[in-house]
Amino acid sequence: MKPCNNIAITPELIAQHGLKNDEYQHILTLIGREPTFTELGIFSAMWNEHCSYKSSKKWLKTLPTKGNCVIQGPGENAGVVDIGEGQCVVFKMESHNHPSYIEPYQGAATGVGGILRDVFTMGARPIAAMNALRFGSPDHPRTRYLVAGVVSGIGGYSNAFGVPTVGGEINFDERYNGNILVNAFVAGIAKKDSIFYSKAQGVGLPVVYLGAKTGRDGVGGATMASAEFDDSISEKRPTVQVGDPFTEKCLLEACLELMELGAVVAIQDMGAAGLTSSAVEMGAKGDLGIKLNLDKVPVREENMTAYEMMLSESQERMLMVLKPELEKQASAIFHKWGLHFSIIGQTTDDLRFRVLHQGEEVVNLPIKELGNEAPVYDRPWSEPTPQPILKVEEVKKVENLGDVLLTLLNSAHQSSRRWVYEQYDTLIQGNTLVRPGADAGVIRVSSNDKRALAFSSDVTPRYCEADPYEGGKQAVAECWRNISTTGAMPLAATDNLNFGNPEKPEIMGQLVLAIKGIGEACRVLDFPIVSGNVSLYNETNGEAILPTPTIAGVGLLDDWSKMVTISGMQNGDSIVLIGDCGSHLGQSIYARNVLNINTGAPPHVDLQLEKKHGQFVRDVIHRGFVHAAHDISDGGLAIALAEMVIKAKKGIKAKLSNRLPHHAELFGEDQGRYLLSIKPYVLNHLKELAQVNAVSLTEIGRVEGNSLNIEGILTLSVDKLTQAYESWFPQFMGE
């Protein structure tokens with residue numbers, strides 16, 4: 001064995017690798033000897049939360065993953081959904097939380113790079129990106145630095161690669177002070193008959209290394225992503241990867257060309273745990289062994305050890321099982337794109353993962369137990385104490401509700417995110433129909449295609465903390481609702497479950513209940529989960545983040561010319577409310593941000609009502625009755641009306657029902673509701689349709705003038721609303 005493999009395996013070393021004592025004892029039983037240092041690193045990488053899902057796998061299996069349009073669900077690099085005409089959309093969301101807190105630019109950039117590879121590994125050309133970001137309190141000394149670095153990193157990578165960013169979300173809360181969240185989403189288009197998988201097949205076939213050289217960046221990244229932070233966080237900087245979007249663009253083109261050639265048997269990107277994970281996953285899925293020779297791996301640094309090469313997370317790399325008769329043509333493609341193409345091993349029939357380095361065998365492990373048979377835990381969990389319903393009469397009505405509306409529009413929570421998305425290229429590729437800032441981003445399938453895809457990403461973490469089950473339901477419902485506002489049929493979703501330490505029963509309870517809520521909503525709304533990611537141990541010095549189960553979804557428009565957006569209001573339109581008057585103030589931004597009331601149950605999500613209202617909204621959009629649509633969520637009716645006025649630059653004169661106190665009707669966050677701006681002459685017909693479908697529809701106003709005028713309560717000009725809405729973020733960033 002080489003010197004690095006002669007390192008003594010001590011209890012301290014085992015603990016540094018994130019392995020529990022019982023896990024190490026299981027390793028000893030499994031292999032019948034003490035592991036080498038490199039083998040210890042491999043077990044650490046493959047058995048951590050980031051790669052094995054050992055705390056969440058039991059519960060993830062309960063999610064609905066099948067549907068009429070689902071081609072590939074969880075278990076591959078990305079989910080695959082049929083969109084007709086021989087095409088499919090391939091998509092996934094994944095976290096890069098820990099690296100982005102340590103090194104925000106590179107952490108966020110390589111998060112984008114990793115999810116891009118997940119998508120084009122399947123044979124899809126990326127067409128759209130989103131990101132869901134959570135930062136600490138705006139007055140925390142690191143927050144502005146982290147926002148600037150993360151946004152710059154996302155823009156720097158996605159813009160250079162050439163994929164448009166079409167949506168996303170940002171939250172600020174002190175519970176993210178020590179652990180920010182960076183969740184990146186990418187979707188691509190592929191042919192249904194040209195999807196590529198990671199399952200290796202055939203014995204004695206060449207295993208080929210593709211892409212950039214291997215360095216020491218990211219060594220131990222997967223293990224770091226499965227641990228809490230403490231005061232030694234700055235020492236983890238070397239575990240953050242460094243990305244090169246131009247190399248990734250070349251890798252995309254080379255891979256798609258290789259796939260067109262028909263040379264690919266199986267392919268896997270090198271993400272978390274690098275060469276180790278990609279090789280083990282391909283072999284384990286195909287019931288094959290893998291033998292690698294590290295002397296063949298292209299490296300960019302001298303004297304790299306086997307441990308470093310196996311656990312490096314250098315970016316822009318792939319591993320492929322190749323049809324041997326096409327080696328020459330495949331090699332020529334990669335060299336044409338200036339990328340490395342090196343045969344570093346072969347598939348075997350012995351179900352062993354063997355690694356050679358400088359003539360010696362440094363790894364010899366059972367591949368199935370490393371891969372899809374890693375330990376799975378049924379961790380104890382507890383339910384949170386139920387929050388009482390916050391009654392309307394318990395919530396003070398502030399005297400000047402116009403000032404309240406302006407305050408909320410000019411806040412960290414509710415202000416425009418223009419400062420962020422204007423740093424992203426939202427129009428590259430030329431197919432963007434709806435840019436960020438709307439309910440959902442929309443992209444044409446291709447330049448000469450009538451079809452388009454709608455994308456949204458949603459979660460309300462404060463709801464999830466108060467009631468993880470309802471919060472999980474609401475994340476799905478709001479995503480589904482946002483897609484429906486365009487007229488698109490919601491097809492499927494991907495999840496990104498961000499939580500604290502699952503070894504704490506109260507945190508594990510948040511995860512379990514959120515998954516149950518997500519599953520229930522997805523079943524009722526026919527919105528299957530086809531891919532996803534779990535990020536646990538988001539804690540610093542024992543302080544956990546807010547539970548944040550992000551849901552990103554995709555919908556299909558058969559004819560994008562019938563699409564509507566938030567900004568399409570026309571003078572004289574009737575404004576109608578789908579759903580009842582608002583009344584629920586528990587966990588509302590009115591209660592929290594204006595009155596500092598953090599108690600109370602979140603709004604209940606009636607999934608059957610969500611389904612009925614969404615179907616009705618899509619139907620009337622398809623009939624051509626609607627000029628603009630917007631869902632009602634954070635901030636209730638008041639914020640929704642203000643946003644429509646701001647986006648359309650047209651006024652609305654509205655009147656409340658006066659059945660409830662004004663602050664409840666304006667700022668209640670009851671779910672399953674929409675605002676529609678409709679052609680005035682169809683109002684009576686819409687009322688009849690609503691009655692037939694048992695849908696609550698109320699005319700609450702008209703599009704007129706240049707102010708938001710809510711009778712007897714407030715009058716605010718479009719300019720004043722816009723100034724409040726657009727000014728907070730630039731001021732916060734010092735501009």
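Keep in mind that glycine also has a Cβ here, set from the backbone N, Cα and C atoms.
Cross-referencing K20, K92, K473, K562 against the ATP binding annotation in Swiss-Prot, which names Y53, D495, G532, picks out K92. Among the candidates R117, R523, the residue that Swiss-Prot names alongside S95, H96, N97, H98, Q241, E313, S314, Q315, S535 for the substrate site is R117. Checking the binding-site residues (N97, R117, D118, D269, E313, Q315) against N533 (Mg(2+) 1 binding site) with a 10 Å Cα-Cα cut-off leaves nothing.
For G532 (ATP binding site), other Cβ atoms within 10 Å of its Cβ number 27. Other Cβ atoms within 10 Å of the Cβ of Q315 (substrate binding site), summed over all protein chains shown, number 29. Apart from the site residues Y53, K92, D495, G532, the chain places the Cβ of L60, P74, M93, E94, T494, N496, L497, I529, S531, N533, V534 no farther than 8 Å from the centroid of the site's Cβ atoms, the recorded ATP location.
DSSP assigns H50 (active site) to a helical segment in the three-state reduction. Take the Cα of G532 (ATP binding site) and measure to each of the binding-site residues S95, R117, D269, E313, Q315: the nearest one is S95.
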